[in-house]
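Note sheet for the following structure.
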Amino acid sequence: MTIGFLAAFYQWELAFHVMSIIAWMAALFYLPRLYVYHCQVAPGSLESARFKVMERRLLKQIATPAMISSWFFGILLILTPGAISWSAPWWWVKFISVILMSGFHGALSKWRKNFLNDRNVKPERFYRIANEVPTILMVIIVIMVFVKP
């Protein structure tokens with residue numbers, strides 16, 4: 001299903017989609033790094049409290065609104081006539097990667113709650129590895145969108 005009048009706004013939809021993604025990715029790159037640093041301080045310390053504030057603000061004020069607007073403008077693009085070739089494999093690989101990125105966002109939120117309640121049991125190394133997930137997914141998504149293999 002497409003909505004014809006959206007074609008007139010395609011460039012605007014695309015521009016806002018890209019801006020939203022940039023903000024979302026910036027947050028997804030930084031939040032796991034904050035968790036790495038948070039692992040290095042004692043639970044209940046002033047430093048831990050500072051990390052909790054930083055993590056909450058990054059997730060609630062930047063990452064989540066950016067994810068929502070990325071999805072909103074992405075759905076508008078999907079509904080724009082001619083924007084998507086539903087039979088193209090690249091589209092489905094990209095879509096699955098975006099679903100995985102959203103799942104990673106959810107995991108970051110869950111991990112934040114563990115830090116908030118001083119219940120983190122994951123080691124620093126776990127978050128260092130997790131920090132690579134958005135980069136890997138971004139590479140896949142960008143290749144799918146621009147190269148369309």
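Just so it is clear, glycine is given a Cβ too, placed from its N, Cα and C backbone atoms.
Under 8 Å from some Cβ of the transmembrane segment (14-31) lie the Cβ atoms of residues 55, 58-59, 62-63, 65-67, 69-70, 72-74, 76-77, 101, 104-105, 108, 112, 131, 134-135, 138, all in the same chain and six or more residues away from its ends. Per TrEMBL, the feature transmembrane segment maps to 14-31 (among others).
In this structure, HIS17 (heme binding site) is part of a helix by DSSP. According to TrEMBL, the feature heme binding site maps to HIS17, LYS94.
Look at TrEMBL and you will find 62-84 (among others) tagged as transmembrane segment.
What TrEMBL records for 90-108 (among others) is transmembrane segment.
Annotated transmembrane segment per TrEMBL: 129-147 (among others), in sequence order. Sequence-distant contacts of the transmembrane segment (129-147) (same chain, six or more residues past either end, CB-CB distance under 8 Å): 25, 28-29, 32-33, 35-36, 90-91, 93-94, 97-98, 100-101, 104, 107.
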Proximal but sequence-remote residues of the same chain as LYS94 (heme binding site) (Cβ under 8 Å, at least 6 apart): ILE140, ILE141, MET144, VAL145
